[in-house]
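Reviewing the structure listed below.
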């Protein structure tokens, strides 16, 4: 029963998002054609009323909103969002071209923030209470209060502009002439360092804080005292008992952080001019590219919902107490 | 040793270019009804001299961003760069260099006295990138195809009645009426596409086959990364107009163009910031100022506004603004105050005798008092509350607000993003609009277009309501006038009317600057009247080629 309820709520959220996804961009003043007509400082097309009408016709923007909505819903089921207005290519292709870059930096950031956050949290808890723990705790608090775009700019100015350790922008050197695959891999890695680092720093603090607090809590439990009394060494206690028991609530947090990282990528990709979906989203909003916005929002929503669903499913398997609760509930 | 050889090469290039354009200028001074252009002897000599001395450059990297797939139907029409990328691959019948319109795919032309028929002789032996021969059929086909599937940029094809093939290398254009900007702004903009490819294509916007990029132009697209916005063009070794000097042309996206230049990631970029130019010139880079300036920053008045519909109020506002001050503060360079008659002061079409509105606060206050907008005890004219809408010229708008405050006028600033701005323009929901854009330095027909009410974007600022029979009459006359002197007179009259009526007030012109590394490539030049329809930019293919003839 409760499982069914859970799926229902996911379904309702998805439905709600699908509807919102259609209407929200259209609440912005101005449409794609107006953006094209605007043109910016370097100049605009001299758009005649006839050309404007042709454009509206071509992108089905002169259909009634009802018709557009029906087309949009159909598109969702066939995975065909239509033609991106600013890119003049199928939305699916446009997104697929950029998705790998976002996955790369978000993946790297997820990996590093988990490893660093958890290890530091554990270390901090182990040394609790001490000066080391305290200073770690305070510096992490500071880090967590810096917004990602600011962090990105600081890193950009210091590491790329002043020190010239890393490239300023982009995901790879344009038209790199290299002999081997190693050079291109290094090139891509070199470009990914700063964006991934920004995202990592932005999300490591929350993981650290939770890990530390959980570990401190577990550390005060009586079974830890008992194992200590049994003569088990401190290292084994930390790794085998504390880490394992503290890790449970972290699964949820890690999954929430992953969706947070995806959102963070919008800001970070803009700062580093990194060609991922985050930057694409920003451009799509400015250009009022409705089809592209639909595709991107849906992709992000699905990503977050699936992650949450995954967390919901995996958690009972990790924590038997919850599994029991659920079972009891079903019996009652 | 190195510098002289470059100098010689440059000299040859200049000679070749001026020589062939002097040929084209023959068309304008027609005497016996029709005059044809042909390359003269000087050009041939220059060509011989140029050959052998032209030094090729392996690669030039220019700052750029993603402006779409460069086929004639898929490039991005917001901003000029999509068109410019496309122009590297596809050619037009005429083109422009630093001296004006030059023969391109058409090697010469004849114009009938009434201006209704254009006969173009095409270049012989031109090959498409796929090896097929270029013929008159392609020209006829292109213009017919654009009737069904509109070209992505300007060029008023509706002026053409029909295009007719005489033989493989001759086409005749029949016009609906005489159309003065034909050579520069119509056949000089609209590219010729290969019939053998496009005749089967019914979805040109989505068409992404590599055949979509078969042109006759000096470059072929070698690589395109849409996500990162990078383009790599490779020289077409069989280009009909001469040897391509720059073998590879890359457009590289850079988040900060100046830093990228300094780091050697790119070799050329443009800016509007004069401060940046000074920094870079001190660092050994070269800069070119766009001449003519090309861009215009202007104020448009809503002529349907109950108060602003009175031209005396518009004039009072003009007197209250120190436009030289705005110009020098914003651009950081020598001020270039706008002409009240709109045509930029550095344009050959500028009318020196037009009424101007020098900064004169007393005069402004006098008119305002006369109109009955009396100052209250705080020095504010209660009856006059106006708003100023802008999207990209925030700095200017704040200065205007301060200046009008001195005259006792309270100004409410509204900042919108590009799309919202255009909508408000279209719906006439504004008092005054501040906009900056290019397009004022090409053919003066823009005066007609801006105020004819046919445009639906910020260029027009809804000049629809410019309710002046006389203006529209003269505007149509100048469009059809083939005699340059007479046309000049018409354009002068148009400027007089605009200066008196002030539907729009040109604040100032803001030159663009090209910054480049002279060690890599140093042949960049300004294009006469701007590339195509007046783009004050430097990515003109003609300067990357050692032009024959």
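Backbone N, Cα and C define each Cβ position, glycine as well.
The domain 'ABC transmembrane type-1' annotation in TrEMBL covers A:99-311.
According to TrEMBL, the transmembrane segment annotation covers A:7-24 (among others). Remote same-chain residues near the transmembrane segment (A:7-24) are listed as 68-69, 72-73, 76, 293-294, 297-298, 301-302, 305, 308-309 (criterion: CB distance under 8 Å, separation of at least six residues from the stretch ends).
The transmembrane segment annotation in TrEMBL covers A:101-123 (among others). With a cut-off of 8 Å between Cβ atoms, the residues of this chain six or more beyond the transmembrane segment (A:101-123) that come close are 136, 140, 171, 188, 192, 195-196, 199-200, 203-212, 214-215, 238, 242-243, 246-247, 250, 254, 257-258, 261-262, 265, 268-269, 274-278.
According to TrEMBL, the feature transmembrane segment maps to A:135-157 (among others).
Under the heading transmembrane segment, TrEMBL lists A:188-210 (among others).
Residues annotated as transmembrane segment in TrEMBL: A:247-272 (among others).
Marked as transmembrane segment by TrEMBL: A:292-315 (among others). Within the chain, the transmembrane segment (A:292-315) has long-range Cβ neighbours (under 8 A, six or more residues past its boundaries) at 6, 10, 13-14, 17-18, 21-22, 24-25, 72, 75-76, 81, 84-87, 91-92, 94-95, 99, 251-252, 255-256, 258-259, 262-263, 277, 280-281, 284-285, 322.
For the transmembrane segment (A:188-210), the list of distant contacts is 104-106, 108-110, 112-114, 116-118, 120-121, 124, 136-137, 140-141, 143-144, 146, 148, 151-152, 155-156, 159-160, 166-167, 170-173, 249-250, 253-254, 257, 260-261, 264-265, 268-269, 271-272, 274: same-chain residues at least six beyond its ends, Cβ to Cβ under 8 Å.
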